[in-house]
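As written in Swiss-Prot, here are the features:
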- 1-32: region 'Disordered' (REGION)
- Arg53, Arg178, Arg179, Arg218, Ser219, Gly220, Asp221, Asn229, His259, Ile260, Tyr261: dUMP binding site (BINDING)
- Ser117: phosphoserine (MOD_RES)
- Cys198: active site, nucleophile (ACT_SITE)
- Asp221, Ala353: (6R)-5,10-methylene-5,6,7,8-tetrahydrofolate binding site (BINDING)
- Lys349: SUMO2 cross-link (CROSSLNK)
Amino acid sequence: MPAAGSEPSRPPSPPGVQEQSAEPRPPPPPHGELQYLGQIEHILRCGFRRDDRTGTGTLSVFGMQARYNLRDEFPLLTTKRVFWKGVLEELLWFIKGSTNAKELSSKGVKIWDANGSRDFLDGLGFSDRAEGDLGPVYGFQWRHFGAEYKDMDSEYSGQGVDQLQKVIDTIKTNPNDRRIILCAWNPKDLPLMALPPCHALCQFYVVNGELSCQLYQRSGDMGLGVPFNIASYALLTYMIAHITDLKPGDFVHTLGDAHIYLNHIEPLKTQALMELRGQSSRSLDGDGQAGTSRWAPVATDTERDRCCELQREPRPFPKLKILRKVETIDDFQAEDFQIEGYNPNPTIKMEMAV
């Protein structure tokens with residue numbers, strides 16, 4: 001018997017068996033892509049039917065936000081293959097200040113071809129503009145905000161405000177500034193643009209040696225555009241962090257009109273969720289106003305919770321490596337970037353609404 005007041009000795013734990021911790025290890029954070037898939041599901045369930053500029057028709061909600069971690073991963077979506085070369089080449093084209101769609105097309109990236117076509121430009125009243133000349137779109141606003149736009153071949157060096165360089169300089173000299181903003185929305189130039197900016201404004205934020213970015217996107221095509229935009233602004237954050245000796249932090253994506261084109265509904269069901277089993281896939285209830293209608297699945301909330309399951313599980317996000325030390329934003333080349341571990345689900349074909 002042990003002496004009064006003494007504690008009986010316990011035999012040592014067998015090898016390999018550890019004492020149970022008083023504080024269990026927290027579960028890993030959910031996959032970042034689930035935010036995007038949740039947005040798709042929410043629009044399919046709750047979106048309003050709205051007409052749009054292209055005549056295609058959309059399901060739309062107003063106001064959404066997601067936050068993507070950039071520290072050890074790169075948010076290139078995995079539930080479908082995202083056109084990484086297109087993301088990279090388009091961003092380099094923006095940084096160059098180019099407004100020539102043919103320049104991008106010559107690199108095999110044809111995402112601006114339709115908006116720069118002869119028919120499209122003529123339809124906007126730009127019949128005197130050369131084919132491929134998009135007007136003062138993103139790159140021009142980033143590098144020459146306020147300059148007078150003539151055409152895609154004119155020289156604009158030293159004209160207007162180089163917002164992108166000003167962002168970089170401010171991050172280096174005054175990282176606590178709350179005005180580190182890059183804006184593509186220029187009301188004076190909107191009538192000259194083949195397409196007004198969808199991703200209109202981004203703000204950068206520095207804390208604890210990390211650079212984060214928040215994008216305000218006035219119009220988000222959830223099927224085609226948004227996966228591209230997530231990767232593009234994540235890449236821009238990596239690039240600016242690299243040349244300012246910071247580490248990437250978060251990318252915060254704020255959407256205004258977040259919409260699914262009606263001809264993208266079935267492809268996105270393949271990507272995001274399964275149809276409600278035994279139910280009509282959709283029903284418009286007619287309660288909308290001014291030509292709008294609410295998207296209303298027939299199933300109850302309980303049935304939706306049971307029946308809506310992920311059709312494609314997200315896979316681990318890849319990593320992005322910058323292969324050499326680059327000193328200025330204009331020195332980046334496509335060969336400087338390497339995506340590692342990208343193993344997405346197959347491509348899902350969707351037609352672009354023009």
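Each Cβ is built from the backbone N, Cα and C atoms, and glycine gets one as well.
Looking only at the recorded positions Ser117, Cys198, Lys349, Ala353, the one with its C-alpha closest to Ser219 (dUMP binding site) is Cys198.
Around the Cβ of Asp221 (dUMP binding site), the same chain contributes Cys198, His259, Tyr261, Ala353, each under 8 angstroms and 6 or more positions distant in sequence. Cβ neighbour count within 10 Å across all protein chains ranks Ser219 highest among the recorded positions Ser117, Ser219. Secondary structure at Tyr261 (dUMP binding site), taken from DSSP and collapsed to helix, strand or coil, is strand. In sequence order, Pro267 are the residues near the residue listed as 'SUMO2 cross-link', counting only same-chain partners six or more apart with C-beta under 8 A.
Cα to Cα, Ser117 (phosphoserine) and Arg53 (dUMP binding site) are separated by 17 Å. The full span of the recorded dUMP binding residues, Arg53, Arg178, Arg179, Arg218, Ser219, Gly220, Asp221, Asn229, His259, Ile260, Tyr261, taken as their largest Cα to Cα distance, is 36 Å. In this view, Arg53 (dUMP binding site) is surrounded by 9 other Cβ atoms within 10 Å of its Cβ, with every protein chain counted.
Cβ neighbour count for Tyr261 (dUMP binding site) (all protein chains, 10 Å cutoff from its Cβ): 23. Other Cβ atoms within 10 Å of the Cβ of His259 (dUMP binding site), summed over all protein chains shown, number 28. Taking the recorded positions Cys198, Ala353 in turn and counting surrounding C-beta atoms within 10 angstroms, the largest count is reached at Ala353.
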